[in-house]
Structures are given as C-alpha cells and as structure tokens.
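**Student:** Here TrEMBL flags GLN88, PHE89, ILE90, ASP142 as (6R)-10-formyltetrahydrofolate binding site. As annotated by TrEMBL, active site, proton donor applies to HIS106, CYS686. Look at TrEMBL and you will find ASP142 tagged as site 'Essential for catalytic activity'. Annotation source TrEMBL lists domain 'Carrier' at 318-393. Residues or ranges marked as NADP(+) binding site by TrEMBL: 576-579, 609-614, 629-630, LYS736, 783-785. According to TrEMBL, the active site, proton acceptor annotation covers GLU652. Positions annotated as active site by TrEMBL: GLU652.
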Amino acid sequence: MRIAVIGQSLFGAEVFRLLRKNGHEVVGVFTIPDVNGKADPLAQAAVAEGVPVYKYKRWQVKKVPVKEVMKEYSELNVDLNVLPFCSQFIPDEVINLPKYQTIIYHPSLLPRHRGASAINWTLMCGDKSAGFSIFWADDGLDTGPVLLQRKTYVDPDDTVDSLYNRFLFPEGVKAMGEAVQMIADGKAPRIPQPEEGATYDPLLKKDKVEIKWDQTAQEIHNFIRGNDKVPGAWTTINGERITFFGSKLWERLPPRGLQVEIAGASKPAIVHRRGMVLFGSDGKMVNVSQVQFASGKMIPASKFGKDDSSTQELKLTPEEEAMAATLKNVWKGILNIDVDDATDFFKAGAGSMDVVRLVEEVREKCNDIRLQNEDVYMNTTFEDFFQCVVRRGRGIEDKEPFVFDAVKMNKNNMDISFPHQLFIDNEFVDASNGATYDTVNPTDESVICKVSKATVEDVNRAVEAAKEAFYEGEWGRMNARDRGALMYRLADLMEQHAEELATIESIDSGAVYTLALKTHGLTIPINNARPSKNLTYTKREPIGVCGIVVPWNYPLMMLAWKMAACLAAGNTVVLKPAQVTPLTALKFAELTVEAGFPPGVINILPGSGSVVGQAFSEHPDIRKLGFTGSTPIGKTIMESCAKANLKKVSLELGGKSPLVIFSDCDLEKAVRMGCSSVFFNKGENCIAAGRLFVEESIHDEFLERVLAEINKMKIGDPLDRSTDHGPQNHRAHMEKLVEYCDIGVKEGATLVCGGKQVDRPGLFFAPTVFTDVEDHMMIAKEESFGPVMIISKFQDGDVEGMLKRANDTEFGLASGVFTRDINKALHVADSLQAGTVFVNTYNKTDVAAPFGGFKQSGFGKDLGQEALLEYLKTKAVTVEYH
C-alpha cells in the first residue's frame with residue numbers, strides 16, 4: 001500500500017519506521033513547520049530515510065481546505081492515511097480521499113475519554129484499566145468505527161509518563177503495524193462505537209486544573225498524577241500558585257515535619273524528608289515529591305518553606321567556567337537557538353527525549369558528571385541547570401544536611417559526640433510522646449544523658465520505613481556487590497571511630513576500654529516426567545524487614561554480629577539496643593548515614609523490652625526476629641512471634657557453660673584461661689564458664705593459683721588502660737549478684753572470696769569464688785552473669801560421671817575442656833551438649849565460626865555462613881521442559 005503518515009511525534013517516527021520495515025511504501029510524511037529551526041522527530045526520521053516531508057502550518061482555514069496543500073497531497077495517490085498522535089485538524093476531503101481512507105491512534109479505550117487529553121483523564125477519573133484504540137476516522141471527534149483496541153491495568157502510582165512509556169507507546173507502535181497489515185490483508189473490522197459510556201473530555205489548560213480540596217486523598221492523587229508534568233495541578237499557598245508533581249498515596253503514619261496551611265484543605269500539609277504530605281477530605285494522605293513556583297522554579301517538595309542550599313551562588317573555578325561554554329553549546333545543539341542564562345529548556349521546545357540526550361551529553365563532555373532526568377526537570381533554566389552540574393561535579397547532593405542534637409563531652413582524653421534520639425528513616429527524632437530516660441555511667445552512677453524512649457507508634461514508623469526501603473527503595477534493588485561496598489565503607493568508618501566507640505561503650509556499659517577497643521543456590525536432581533525433563537534449583541532470598549534485639553553486655557559487638565549478616569543478606573533492620581546501653585548503637589546509626597545507607601534500611605529504637613521488644617514480636621510486617629538475652633524473655637518472644645505471624649526466630653539465650661579441667665592439663669594455662677572464662681568483661685559474658693569441674697587431685701592447687709590471680713587484678717575506672725575489672729553494667733544487676741551469692745552461702749557452698757560490692761563509689765562487684773558446690777544447689781544450676789566462679793570437684797578418672805553432671809542442665813551454649821590427652825579431649829568434646837566446645841582455650845570466637853546454643857540456650861547461629869542463612873529464605877523452583 002501507498003501510505004501517508006501524518007503527525008509529528010516520536011511515536012509517529014517509530015510507527016513510520018515499523019511500516020517501512022514491514023514492507024509498506026510510505027510516499028509522504030506530513031508534519032508541522034520547524035520550531036526554532038528544529039524539525040520534529042517524525043520529520044527527522046523521514047529525512048534520514050529519504051522519504052519526502054511536507055510541513056504545513058495548517059490544512060484548512062475556516063473548515064475550507066487550503067488548495068495548495070490539497071493539490072500537493074492528492075498528487076501522491078495515497079491508499080491509506082495513518083495518523084499516529086496527530087495534533088492537527090485534517091479536513092474530511094483528506095480523510096476520505098484514499099482508497100482505504102484513514103486510521104487514527106487514540107490513547108483511550110473508546111468511546112471513553114474522547115478528546116485531546118485522554119491519558120490525563122484516564123488517570124484523573126481513577127479508571128482501573130487504560131489502553132488505546134485504533135479507529136477509522138469520520139467527521140466526528142474520535143467517534144469513528146474501531147479497528148482494534150488493547151488494554152492494560154492502571155498501577156496505583158502510574159503517571160501519564162509511566163503509563164505511556166510502559167504500555168501506550170511500545171504496544172501502540174506494534175498495534176499500528178498490525179492494523180495496517182490487517183487493512184492490507186482485507187481483514188480489518190469496522191466496529192461501531194456505542195454512545196453508552198462515551199465521554200468528551202476537554203483539553204486541559206493551567207486555569208482548569210486547580211485542586212479541589214473537598215475530595216478524598218485518592219481523588220486528589222488521581223487529579224495530581226493525571227496532570228503530572230503538563231499542565232500540572234496547582235493550589236495557592238501564601239498567595240502564590242504552587243504546582244505539585246510526583247504524587248503517591250501515603251499509606252504510612254502521618255510524618256513529622258513543617259506544617260503548611262492550604263486554604264480549603266482539611267488539614268495543613270506536612271513538609272518532611274520524603275516530600276510534602278497533603279490530606280484529603282477523608283483524612284487519608286497523598287505525598288508529592290516536587291513543587292513548582294509561579295516563576296517556573298521547581299524544587300524538591302521536602303525543601304518547601306526551608307532554606308535551599310541549591311540556590312546559593314557557587315564561586316566557579318576556571319575549569320567550571322569553561323564547562324559553562326561547553327554546556328551552552330550542548331543546549332544550542334538540542335534547541336537550535338542561542339542560549340543565555342535565562343533560557344528555559346522546555347519553553348524553548350525540548351521534550352522528554354531531549355532530556356535523555358542532555359543527560360548523556362553532560363556525562364560525555366563534562367568529565368563523566370552523572371545527572372538524573374529529575375535534575376533537568378528541577379532546573380529548567382540554563383543558569384539553574386549549570387549550577388546543578390557544578391554541584392554534581394563537586395559531589396554535592398541537593399539533600400538536606402544531616403544535622404541532629406549531639407551529646408558532646410571530653411572523656412578518655414578525647415572529644416566524643418553521640419546522638420541520643422531514636423533513629424528512624426535516617427533521621428534522629430524524639431519519641432512520639434516525647435518520653436526520655438537517663439542512661440547511667442556505672443563507674444560512678446552519674447547520668448550521661450537523656451535518651452529518647454521508643455513507643456509502639458515509633459516501632460510502627462520504623463517498620464514502615466524498613467518495609468518501604470526493602471520493597472520499594474534503592475536497597476531492595478541493589479545488587480550484593482553494591483550492598484557490600486556500603487558495608488565496607490561503614491566498616492572503615494567504624495575503624496576510624498574505633499577509639500571513640502570504645503570510649504562511649506566504656507562509659508555506657510562499664511566495659512574495660514582495652515576490651516571495647518578490641519549467598520548461593522543449588523541444582524537438585526529430581527525424577528523426570530517423561531517425555532519431558534525437569535530442572536529444580538534453589539534460590540536464597542532475603543526475608544524482608546528483620547527485628548534485632550541485642551543485650552547490654554556487648555552492645556556494639558552484638559549489634560555488629562547480627563546486623564552484618566542481616567544486611568549482607570539484603571534485609572532491612574529495626575534494632576532495639578538494651579535500654580541501659582543505647583549509645584554505641586546510636587553512634588553506629590550516625591555512621592550509617594555518613595556511609596551512604598539509604599533511608600529506612602537501618603533503624604535504631606532505644607526503649608524498654610516490654611514495649612519495643614514486644615512490639616517487634618507482635619508486628620505483622622517483621623518477618624524475622626533475632627534476639628540475644630535471657631531464656632525467660634526468649635520464651636516470651638518465641639510465643640509472641642508464633643501468635644503474631646509465625647515469624648522466623650533465632651535465639652541466643654542464657655548459659656551455664658561447664659569447663660572441665662583434668663589433672664593432666666597445662667595447669668598454668670588452665671588457671672589463666674579459667675580466670676578469663678569467668679571474669680572476662682566482669683563476668684557479663686553469655687559464654688562465661690558457669691561451673692568449673694576440677695579433677696580432685698589438682699583442686700586445691702588450682703584454687704590457690706586462682707586466688708593468686710585474683711589478687712593481681714586491678715579494679716577501677718574502665719577508661720584506665722591498666723584496669724582489669726570494671727563496674728557491673730547497672731544497679732539492678734549488681735543487686736541480683738549480691739542476692740545470688742547470699743543464696744549460695746545459705747545453701748552450704750563455701751564462699752572463698754568476694755560475694756559483695758566493692759567498698760568504693762560505682763557498681764563494682766568483687767571477683768568471687770565458691771567451692772564445695774553440690775549439684776542440687778541453685779548456684780550450680782543458674783547463671784550469675786557476673787564475676788562469680790563456681791568450682792565443683794570430680795573424682796580422678798571419672799570422666800563419664802563428670803560428663804553426666806556437666807550435661808545435667810537445660811542450657812547448652814558453650815563448654816570447655818583442658819587436658820593434654822587428645823583422645824580424652826575429643827571424647828569430651830563429642831559428649832558435651834553445647835553449641836561451642838573450647839579445647840585448651842576459652843572465649844576464642846571468630847567471625848568465620850558459627851556461634852549459638854542447644855536446648856534452652858536457644859537455636860540459630862551468629863557468625864559464619866550459618867549466620868547468613870538465618871537471614872535468608874530458600875525458594876525451590878522446578879521447571880519442566882522438552
């Protein structure tokens with residue numbers, strides 16, 4: 001067929017190319033005169049392929065065809081007119097002249113949304129389906145018989161651009177090719193349009209798109225997104241016309257931020273870090289990401305009403321001044337006009353494809369400076385655009401500076417600072433009810449600072465942020481290598497701040513400063529379903545939002561153990577530090593922002609276990625909970641998790657770890673390591689040796705040497721480099737230790753030393769030793785979690801009797817054995833019912849070795865590859881093929 005293509009768009013250019021590719025003869029392209037000396041995309045495509053181009057300002061005057069135009073057109077002897085997105089008014093004489101007359105592409109499911117703004121009205125009316133029609137032109141407005149239609153779903157956050165790019169453009173081009181071929185084959189239907197359901201929607205202009213606030217949030221959202229980019233829905237704020245773009249329904253809790261009054265709105269808008277939230281008449285919310293002033297200046301909505309650093313004049317280097325000339329030439333090449341600082345990219349005729357070209361040319365010609373399309377839309381004049389390029393070249397992002405209320409002090413001969421508020425969505429914020437509590441330095445019981453105390457509402461906010469970061473944000477789309485790069489950057493920052501972190505840990509938990517300083521798939525063979533074959537493979541996938549609860553004895557180490565595996569697996573996190581030791585976790589949160597972690601990936605919520613921890617357990621959007629703490633609390637958590645949503649749980653709980661010392665051991669090493677196994681970190685150690693079984697023949701000598709070691713220990717300020725033994729973590733724990741030792745004495749055990757608070761200021765508990773401890777005694781069964789050594793004898797050579805006594809406990813976290821007999825060592829290691837067994841050493845953990853307990857010491861692993869598996873789920877995929 002001999003075809004005339006009439007239009008001027010990029011869509012028309014793609015239809016033109018497809019028709020030529022399909023073997024049809026395009027005898028002429030009819031388009032519009034050049035704008036600023038620049039031909040439209042359809043004209044450019046035709047010239048490139050040597051097809052004649054006719055550029056008419058108009059086809060008719062007062063509905064009378066222009067004679068010269070009609071003569072030029074009729075001489076081509078056209079069989080079919082193809083109008084892809086034609087914006088001109090074509091006279092009936094042209095429509096009906098060809099043998100097969102004229103077909104037109106229209107971006108709606110006719111007869112709905114007849115008119116020029118069909119895509120906009122599809123969204124503004126809240127249609128559940130969108131699509132396009134190819135119809136036979138008649139003398140009405142989009143009323144001719146339908147040749148074919150295609151439809152698609154409308155996503156809740158679709159805009160005109162997203163709907164067009166996702167479906168209307170690519171599928172529309174293909175459908176135009178199909179329609180022409182159906183006509184050529186004599187198979188094209190003519191289906192009359194019904195009048196039922198027909199709408200005639202007006203052309204949208206700026207004065208017609210003021211937002212009406214007596215609508216629901218959904219209706220306001222539809223109106224804004226239906227006018228996205230052009231012409232832009234607007235309202236009046238402080239007497240100025242403000243246009244909104246980038247609308248999404250906000251289904252989270254109302255954000256906290258700057259309130260902005262809008263006349264007619266049910267509530268003030270809220271400017272926050274993610275944009276500006278608007279309220280519908282139903283109390284529900286819409287969030288917009290950009291706003292535009294009457295001057296044409298566009299800014300992120302999060303900056304509305306605030307000082308905008310991007311407007312500050314930059315002093316240019318000679319290289320940057322030269323870059324300005326380069327960029328003006330780039331603009332001139334795209335726009336075909338002379339460019340000055342006031343030139344507006346879009347008012348000069350640029351379109352969306354020109355934005356793509358501009359971004360690419362900046363990267364090529366300006367030292368690999370990388371812009372986003374939004375940077376162009378936000379900076380439409382050359383002056384603003386150039387300033388944006390300079391900022392990007394200097395590594396300056398147009399983001400609000402990361403500021404927070406830091407606690408500052410001088411400790412350990414250094415200046416330290418740390419946050420004291422909740423960390424949610426990369427912001428430090430007060431608790432929702434303003435509540436705080438004192439965190440105390442156990443060395444002298446002085447108050448370090450007040451810390452925000454999280455509420456259930458705060459947990460909900462944090463989980464919302466983590467959920468959005470996982471499912472919709474940058475983190476969820478990031479590949480493992482890029483996640484790893486962020487984690488390495490964070491690790492480097494933690495190393496740079498190691499002394500500060502250790503100091504904060506010492507004053508907050510009492511840890512001695514020198515101590516504080518210190519994915520794949522498988523293919524699986526399965527039975528084939530003949531004659532077909534099967535392939536089954538597994539994938540490890542992140543779980544989603546994970547809750548982590550860490551204890552007070554190793555605040556930062558426990559955070560790092562669990563956080564590393566959780567993040568490496570690709571999850572997002574809400575973490576509760578122990579109420580009494582929140583400060584290093586909050587300092588860690590500060591460093592995550594500096595490292596570049598996206599908002600919502602990591603959230604830190606100090607507060608009580610009964611409120612925050614319980615809320616973690618019960619929250620339906622938390623899919624995994626990792627907990628380190630006491631066995632009774634672990635049981636409560638497990639029960640709550642089962643009732644809430646059967647979330648995956650890993651528990652590292654209490655212990656009563658046996659340490660067996662045989663007479664054939666290296667006694668000097670056994671004494672040294674035995675003391676370390678009990679007194680390390682003031683006994684506040686989950687794998688501390690809870691009970692020492694010493695072979696009878698060396699019992700007295702072992703005890704004598706232990707007491708000599710205790711006498712050498714220096715008790716004092718944990719920031720003193722020579723201190724061996726610091727204060728217990730908090731007063732309640734100190735009082736429990738006193739009670740624990742009192743019970744031991746009452747039950748008949750021999751208190752050899754200690755058993756009481758040291759006579760000095762601060763929460764210092766004396767290193768304690770009990771002997772003559774019998775199996776039935778409470779101190780033989782229960783964990784002290786303090787510097788209390790429990791010694792029991794066993795008869796020489798009675799290995800099996802000793803093993804029975806050592807295993808007669810509901811705990812099974814760790815254990816140890818000292819002997820020079822390798823056979824005996826391995827037999828005992830095999831027989832002890834504990835997740836970790838140390839042989840001729842103790843407390844020696846490594847990131848490569850899995851760590852976790854048996855029985856009521858919990859289940860699941862920290863560290864090693866098994867820790868990663870705790871934060872992954874396994875999916876099996878079976879494919880049948882021939």
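Count begins at 1; order follows the chain as displayed.
Every residue, even glycine, has its Cβ placed from backbone N, Cα and C.
For each feature listed, report its degree of burial, its nearest neighbours and the pertinent distances within the displayed model.
**Tutor:** There are 23 other CB atoms within 10 A of the CB of HIS106 (active site, proton donor), with all protein chains counted.
Note: ASP142 ((6R)-10-formyltetrahydrofolate binding site) has non-local neighbours ILE104, HIS106, LEU110, PRO111, ARG114, GLY115, PHE135, i.e. same-chain residues 6+ apart with C-beta under 8 A of its own C-beta.
Helix first, then strand, then coil: DSSP counts for the domain 'Carrier' (318-393) stand at 50 helix, 2 strand, 24 coil.
Long-range Cβ proximity for GLY629 (NADP(+) binding site), meaning a same-chain Cβ under 8 A and a gap of 6 or more residues, is found for VAL549, PRO551, GLY609, GLU652, LEU653.
Cβ contacts within 10 Å of CYS686 (active site, proton donor), excluding its own Cβ and spanning all protein chains shown: 24.
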**Student:** Roughly how many angstrom lie between the C-alpha atoms of VAL611 (NADP(+) binding site) and CYS686 (active site, proton donor)?
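**Tutor:** With distance taken Cα to Cα, CYS686 (active site, proton donor) is 24 Å from VAL611 (NADP(+) binding site).
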**Student:** Looking at (6R)-10-formyltetrahydrofolate and its recorded binding residues GLN88, PHE89, ILE90, ASP142, figure out the farthest C-alpha pair and report it in angstrom, whole number.
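**Tutor:** Binding-site diameter by Cα atoms for (6R)-10-formyltetrahydrofolate: 13 Å.
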**Student:** Looking at the recorded positions listed here (GLN88, PHE89, ILE90, CYS686), whose Cα lies nearest to that of GLY613 (NADP(+) binding site)?
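**Tutor:** For GLY613 (NADP(+) binding site), the spatially nearest of the recorded positions is CYS686.
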**Student:** Find, among the recorded positions listed as ALA578, GLU652, SER784, the one whose Cβ has the highest number of other Cβ atoms within 10 Å in the structure shown.
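**Tutor:** Sorting the candidates by Cβ neighbours within 10 Å, the top entry is GLU652.
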**Student:** Can you name the binding-site residues among GLN88, PHE89, ILE90 whose CA is within 10 A of the CA of SER784 (NADP(+) binding site)?
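**Tutor:** Those near SER784 (NADP(+) binding site) - Cα within 10 Å - do not exist; the answer is none.
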**Student:** Measuring Cα to Cα, how many angstrom lie between LYS736 (NADP(+) binding site) and PHE89 ((6R)-10-formyltetrahydrofolate binding site)?
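**Tutor:** So the Cα of PHE89 ((6R)-10-formyltetrahydrofolate binding site) lies 89 Å away from that of LYS736 (NADP(+) binding site).
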**Student:** Give me the long-range Cβ neighbours of ILE90 ((6R)-10-formyltetrahydrofolate binding site): same chain, 6+ apart, Cβ under 8 Å, in sequence order.
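**Tutor:** Set apart from ILE90 ((6R)-10-formyltetrahydrofolate binding site) by at least 6 residues yet with Cβ under 8 Å, we have ILE6, TRP59, ASN81, LEU83, THR102, ALA137.
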**Student:** Just to verify: the residue among GLY609, GLY613 with the fewest other Cβ atoms within 10 Å, which of the binding-site residues is it?
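**Tutor:** Comparing Cβ neighbour counts within 10 Å for the binding-site residues GLY609, GLY613 gives GLY609.
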**Student:** From the centroid of the CB atoms of GLN88, PHE89, ILE90, ASP142, the recorded (6R)-10-formyltetrahydrofolate site, which same-chain residues not already listed sit within 8 A by their CB, in sequence order?
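**Tutor:** Leaving out the recorded residues gives LEU83, CYS86, SER87.
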**Student:** Near LYS576 (NADP(+) binding site), which residues of its chain come within a Cβ-Cβ distance under 8 Å, counting only those 6 or more away in sequence?
**Tutor:** ALA454, GLY547, ILE548, VAL549, VAL550, ILE604, LEU605, PRO606, GLY607, GLY609, VAL612, GLY613, PHE616
